[in-house]
Amino acid sequence: MTREQQQETWTVRGSDRDEFPRIARVTSEALLAQHDLDTVLERALPLHDAEGYERFLVAEDEGQVVGTTNYFRFEMALPGGVRPVAGVTGVGVWPTHRRRGVLSALMRRQLADIREAGGRYAALWASEGAIYGRFGYGPAATEINAAVRRPYTALRADAPRDGSLVGRLTDPQEALPDMEEVHRQVAASQNGQFRRAPQWWRRMLSDRPEQRGDKGPLRAFVVGGPGGPQGYALYRTLARYEQDGAYGEVHVTEVHAIAPAAWTALYEHLFSRDLTDRVLFPFLAEDNPLLYLAADRDRVLRQHSTSLWIRLVDVPGALSERSWAAPVEAVLEVGDRFAPWNAGRWRLEADASGARVEGTGAAPDIALDVSHLGAAHLGQTPLSGYLRAGLLTEYTPGAVARLDAALHRPDAPFCGLIF
Ligand SMILES: CC(=O)SCCNC(=O)CCNC(=O)[C@H](O)C(C)(C)COP(=O)(O)OP(=O)(O)OC[C@H]1O[C@@H](n2cnc3c(N)ncnc32)[C@H](O)[C@@H]1OP(=O)(O)O
């Protein structure tokens, strides 16, 4: 008997807008929210009003909401193209009800719901890395938190520069059409980006006092040329003075560009603000051009952390629509405790033109957990790491290396926006 079945006092069900304050109370408490419930609701309601409440799930115990989750319906760039992805969010269990199987029951039901709606993937940002592996999610992307201090903000002399590009520092609302245009192009191909609907831009540009903290208002720097906008940075500044000089900071919420010279122009602007000493980026792709344009890349201080966790909700469906970097043939024995329809043996035959995946009784080449496939799906986390750690089994020598070569992607995944 599972932990969920042992208890009888709570049930899992759908929810609606009227119940949202009770839901937000649980997630706020579970996530140690700094703000009171009214502030949380003011910020959260516009997004959820646009996204809808029909995918919320709650666990209810004697009339009290004790557990919650929800998912957004994203269109996310994945290897193989832009695909529908369930963006799982709002997970929380009331502190007196933790470790009784509430989350496990919510996850089980949510996976079934996503599958029933035709979904093949789920993605999330985890508050803690130890939570989601058991539910079949794998750590699929790492991103970097970077900080650069003067004088190491210098770019290489041969960084590409385009005299026809013009930059303007402006109010984010005025810059919105240009930012949308750039982001639309980025989201069409950058592994891990989701198409940003208007409600996500509103959230992104929301500039409430509690979001500013000790920093100034959000501003936009847009770079454009004769062909239209080529890139933008959204940032805030922090003024700071010591007896020996100015130590202001530039905090970059996001920076995107669609042409090499635009990256140079954006970084030259961010790195040249007077009265500043440090520029901070909470999220950059592991292969962001900054690491190549910096005159001394070792002085770009970097902390790496997991961003997207990916879950294959439909293993044959997901593998058959992925793109493949090299031909591969393998029988995979997949374990999946929370989505049992995936469990079993799958024969994968793939090459650059596509893939065929079908159930088989043949002997497996590799036995692995569905979370390993999720981790590897974006092409950044090799399965060979799990093999070396003894967490998957290779029956046919070399099978894991061949599968890794086929799963390879030349670009690093990047989401950059916690949802
Ligand atoms: C996508 C997002 O929204 S990320 C935000 C996630 N939310 C939070 O971090 C808020 C604070 N934490 C919580 O609300 C809860 O502790 C949750 C949601 C993480 C877990 O909920 P619970 O109902 O306690 O989980 P549940 O009882 O189903 O646990 C299932 C298993 O996961 C394990 N587990 C649960 N949470 C954690 C954790 N944080 N770290 C390690 N293991 C965990 C349990 O020990 C249990 O293991 P077992 O089956 O081997 O005994």
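From the backbone N, Cα and C atoms, a Cβ is placed for every residue, glycine too.
Note that the structure is a prediction, hence the values are computed from the model and not measured.
Sequence-distant neighbours of TYR132 (active site, proton donor) (same chain, 6+ apart, CB under 8 A from its CB) are LEU124, ALA126, TRP309, ARG311. Under the heading active site, proton donor, TrEMBL lists TYR132.
If you look up TrEMBL, you'll see PHE419 marked as active site, proton acceptor. Cβ contacts within 10 Å of PHE419 (active site, proton acceptor), excluding its own Cβ and spanning all protein chains shown: 18.
The acetyl-CoA binding site feature in TrEMBL is assigned to VAL91, GLY92, VAL93, ARG99, ARG100, GLY101, VAL102, LEU103, SER104, SER127, GLU128. Residue density at SER104 (acetyl-CoA binding site): 17 other Cβ atoms are found within 10 A of its Cβ, drawing on all protein chains shown.
Sequence annotations record features per position, and here TrEMBL assigns domain 'N-acetyltransferase' to 10-162.
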Neighbourhood of ligand 1 - recorded positions from VAL91, GLU128, PHE419 with Cβ under 6 Å: VAL91, GLU128
List of residues, in chain order, with Cβ under 8 A from that of VAL91 (acetyl-CoA binding site) and at least 6 apart: THR27, ALA30, THR68, THR69, LEU103, LEU106, LEU124, SER127
Between PHE419 (active site, proton acceptor) and VAL102 (acetyl-CoA binding site), the C-alpha gap once rounded to whole angstrom: 22
VAL102 (acetyl-CoA binding site) - helix vs strand vs coil (DSSP): helix
Rounded mean pLDDT for the residues that make up the domain 'N-acetyltransferase' (10-162): 97
